[in-house]
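S.K.: Below are the structure tokens for one structure; questions will follow.
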Amino acid sequence: MVVWEEYVSDETMGTIAPIIVYWIYAGVNQFLSPSLDKYRLHTLDEEHEKNVIPITTVVKGVLLQQLLQILITQLGFFITSYTEETSRPTVQPSVPIQILQILIAMFIFDTCQYFVHRYMHHNKFLYRHVHSHHHRLVVPYAVGALYNHPVEVVSDMLGGAAAFFGSGMTPRTSVWLFCLITVKAVDDHSGLRLPGNLFHVLFKNNGAYHDVHHQVNGVKYNYSQPFFTFWDRVMGTHMPYNVMKRPGGGLEVRMMKKRS
């Protein structure tokens with residue numbers, strides 16, 4: 001039993017929970033970021049100088065994406081007939097099985113993200129008219145994690161659907177998966193490297209790893225997101241880096257020369 005069971009369906013919770021989690025986690029990171037200079041990967045001056053769009057435009061773009069996300073998710077649940085009155089109650093698997101399903105889904109989602117993301121960069125038309133929207137944030141920050149062209153909503157949702165169906169999870173398990181994906185995406189774009197951050201401990205693919213990809217000289221590397229670095233390593237697009245202390249205070253991600 002879960003806390004929302006008596007109030008909303010698992011399908012509805014899977015739609016709204018990631019959005020709520022996004023604004024809570026991103027909002028906290030955004031609020032604290034200016035006061036955490038020694039843990040920032042970029043200075044506030046860099047953020048203001050290098051990013052070509054104001055935060056108000058970013059927020060509007062994210063809200064539009066989330067509106068489309070709600071519509072597509074609900075349509076998907078309707079098509080798969082989870083809301084049919086004649087359907088039997090879904091039997092929830094054991095916790096170990098759910099954890100295994102989430103791990104499988106993470107890998108499937110990463111696989112979809114890598115190849116779609118890489119193609120978005122290599123196809124000049126798609127990069128110029130679609131994916132370049134996200135790279136307007138040369139210095140990423142938390143609330144801009146989901147700032148994308150609306151077309152990218154579809155590709156992201158397809159990746160989520162592949163992870164959902166490919167892992168065999170129930171809608172209830174998917175709530176945890178999609179909230180995890182959301183929090184991880186925000187963390188990777190927060191521009192903060194806080195001590196004790198479990199995401200930095202558990203995953204090689206983290207905020208510093210993704211920061212390389214947002215750098216002007218790093219856009220052809222580190223496509224993998226949001227969990228593993230597997231596909232970058234297999235496909236030869238992995239860019240190693242060092243996190244250094246910035247002379248004026250704070251941190252800096254410096255790319256290393258790739259070994260031949």
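Positions of Cβ are set from backbone N, Cα and C atoms, glycine also.
According to TrEMBL, the protein has these features:
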- 103-237: domain 'Fatty acid hydroxylase' (DOMAIN)
- 12-32: transmembrane segment (TRANSMEM)
- 52-79: transmembrane segment (TRANSMEM)
- 99-116: transmembrane segment (TRANSMEM)
S.K.: How about long-range neighbours of the transmembrane segment (99-116): same chain, 6 or more residues beyond its ends, C-beta under 8 Å?
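M.R.: Those are 93, 155-156, 158-160, 162-164, 166-169, 173-174, 176-177, 180-181, 223-228, 230-232, 235, in sequence order.
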S.K.: Looking only at the domain 'Fatty acid hydroxylase' (103-237), what are its DSSP counts of helix, strand and coil residues?
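M.R.: Counting residues per DSSP class in the domain 'Fatty acid hydroxylase' (103-237), I get 93 helix, 1 strand, 41 coil.
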S.K.: The domain 'Fatty acid hydroxylase' (103-237): mean pLDDT?
M.R.: 95
